[in-house]
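Annotation comment: TrEMBL describes 22-392 as domain 'Amino acid transporter transmembrane'. According to TrEMBL, the feature region 'Disordered' maps to 1-20. What TrEMBL records for 22-43, 49-66, 99-119, 152-168, 180-200, 220-240, 252-279, 311-328, 348-366, 372-394 is transmembrane segment.
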Amino acid sequence: MSPETDQCVPLLPEKKSPARPASISGAVFNVSTSIIGAGIMSIPATLKVLGAVPAFVLIVAIAWLADVSVEFLMRFTHSGEATTYAGVMKESFGKVGSVAVQVCVMITNLGCQIIYLIIIGDVLSGSQPDGSVHLGILQEWFGVCWWNSREFALLFILAFVMLPLVLLRRVESLRFSSAVSVLLAVVFVAISSVLAISALLEGKAKSPRLLPHLENPSSFFNLFTAIPVIVTAFTFHFNVHPISSELAKPSYMITAVRISLVLCASIYFAIGIFGYLLFGDSIMADILVNFDRNSDSAIGSLLNDMVRLSYALHLVLVFPLLNFSLRANIDEFLFPKKPILASDTPRFLWLTLALLVISYLAAIAFPNIWYFFQFLGSTSAVCLAFIFPGAIVLREGQDPCRGNGWHGSNNKYNCHFNKHI
C-alpha cells in the first residue's frame with residue numbers, strides 16, 4: 001500500500017525492504033541507465049545548432065539543475081511519509097499534484113517509448129529525412145524487400161523480442177537485460193570514438209563549430225529548439241524513488257546521482273564532439289541514420305553496422321523498464337480502487353498490449369525523433385525534472401520540516417533527513 005494515496009502501487013518497492021540494501025555503485029548503474037536512453041542520439045544535432053561551446057555550457061547547466069532538483073525531492077520525501085514522486089506532490093498540492101505527476105510520467109515515458117521504436121526502425125529499415133534516402137542494416141544486407149520494411153521490422157521486434165520482456169511482472173527480472181544494455185551503450189560510444197579519431201588522423205574529420213551561425217532571424221530561434229532536447233536527455237526523476245528506496249541511507253542517493261550526472265554529461269558531450277567530427281553539418285536528428293554511409297574498407301563498414309546494432313539493441317532492452325513505470329502509472333490513474341496490477345492477469349495483459357500498439361502506430365506515423373524531443377523537453381519532462389521539485393520548495397516556503405525554516409535548527413536536513421543517514 002502507498003501511504004500517501006492509500007492505494008496499492010504495483011511494481012514499486014516498499015520504503016523499507018527486508019532485502020539486502022543496494023550499493024552506491026548499483027545505484028549509479030541504475031541511474032545512469034535511466035539517463036542514457038534515446039537522448040544521446042540527438043546530442044550531436046544540438047551541437048550543430050548551438051556550437052560546441054554553448055552546447056557544453058548547456059549540458060553542464062542542465063546536469064547541475066537536475067542534481068539540485070533531485071536533492072529537493074529527496075529532502076522533502078524524507079520529511080513526510082511519501083515513498084513516491086506522486087506522493088511527495090500530493091503532500092504539498094493534494095490530489096491535483098499527484099495526478100499531475102502521473103500524467104507527466106505517462107506522457108514522458110510513452111513519448112520515449114515511441115522515440116525508441118523510431119530509432120530502432122531507422123537502424124533496421126532506414127528513413128528518408130528531407131527527401132534523402134538512408135538505408136537500414138537489413139536493406140543493406142538483403143536488399144529492399146517487403147519483410148524488411150519499417151512497418152514489418154518493428155512489428156516483428158515488438159511481437160517476438162519486446163513483448164516477452166514487458167510481460168515480466170517484476171522489475172528485478174530485467175536486471176540482466178539492463179546490465180547488457182549498459183554494456184551495449186558503452187560499445188556504441190567506444191566505436192564512435194574510434195571512428196572519429198581515425199577520421200581525424202586521416203584528415204577526413206569535420207571542423208567542429210564552436211559558436212552558432214546566426215545567418216537570419218529563424219536561425220536565432222532555432223537555438224531554443226536544442227534546450228528541450230537536452231532537458232529530455234537528463235530526465236530520470238520518475239526513477240529516483242524506486243532506486244533510492246533500495247539504498248541503506250538516503251544520502252547515498254545524492255552521491256549516486258552526482259556520479260551518474262558527471263558520467264552521463266561527459267558521455268553526452270563526447271558523443272556530440274565525435275559525431276560532429278564524423279559528419280559535420282550533415283548530422284541528422286538521429287545520428288544512427290548517418291552511419292549508413294559507405295565506408296572505404298570492410299572494417300569500417302563493419303564498425304558502422306556495429307555502432308547501429310549495439311545501440312538499437314540497447315534501446316530494445318531499455319524499453320521494458322520504461323514500460324513498467326508507464327503501465328503502473330496508467331493503471332493507478334485509471335483504476336485506483338482495483339487490486340494490484342500484477343495480480344490481475346486480464347487487466348495486465350490488455351494494458352500491456354494497448355501500450356505496445358499505441359507506441360507502434362505512433363512510431364510509424366511520426367518518424368522524426370526531433371519533434372518528440374522538443375515536445376517532451378518543453379512540457380512533461382521539464383515539469384518532472386525542474387518545475388515540480390521547485391514548486392514543492394516554494395509551496396513549503398523552503399521549509400522541509402513544514403514550519404521551521406530552511407536554515408533553522410530544526411530544518412528538514414537536521415530533523416528528518418539526517419536521522420536516516
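Even glycines carry a Cβ here, placed using N, Cα and C.
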Contact set, same chain, for the transmembrane segment (22-43): CB under 8 Å, 6 or more residues outside the stretch:
55, 59, 112, 115-116, 119, 178-179, 181-182, 185, 229-230, 232-234, 236, 239, 243-244, 246-247, 252-253, 255-257, 259-261, 263-264, 267-269, 271-272, 275, 285-288, 311, 315, 318, 321-322, 369-370, 373
Please work out whether the transmembrane segment (348-366) lies in contact with the transmembrane segment (152-168), by counting C-beta pairs under 8 angstroms that are 6 or more apart in sequence and asking whether there are at least 3.
yes
Looking at the stretches 152-168, 180-200, 220-240, 311-328, which one shares the most CB pairs under 8 Å with the transmembrane segment (372-394)?
220-240
Counting Cβ pairs closer than 8 Å, which of 49-66, 180-200, 220-240, 252-279, 311-328 has the most of them with the transmembrane segment (99-119)?
311-328
Lying 6 or more residues past either end of the transmembrane segment (252-279) yet within Cβ distance under 8 Å of it, the residues of that chain are 24, 27-28, 31-32, 35-36, 39-40, 43-44, 46-48, 52, 55-56, 59-60, 63-64, 66-67, 70-71, 74, 189, 192-193, 195-197, 199-200, 205-206, 208-209, 230, 233-234, 240, 243-244, 287, 290
Among 49-66, 152-168, 180-200, 311-328, the stretch with the most Cβ pairs under 8 Å to the transmembrane segment (220-240) is 49-66
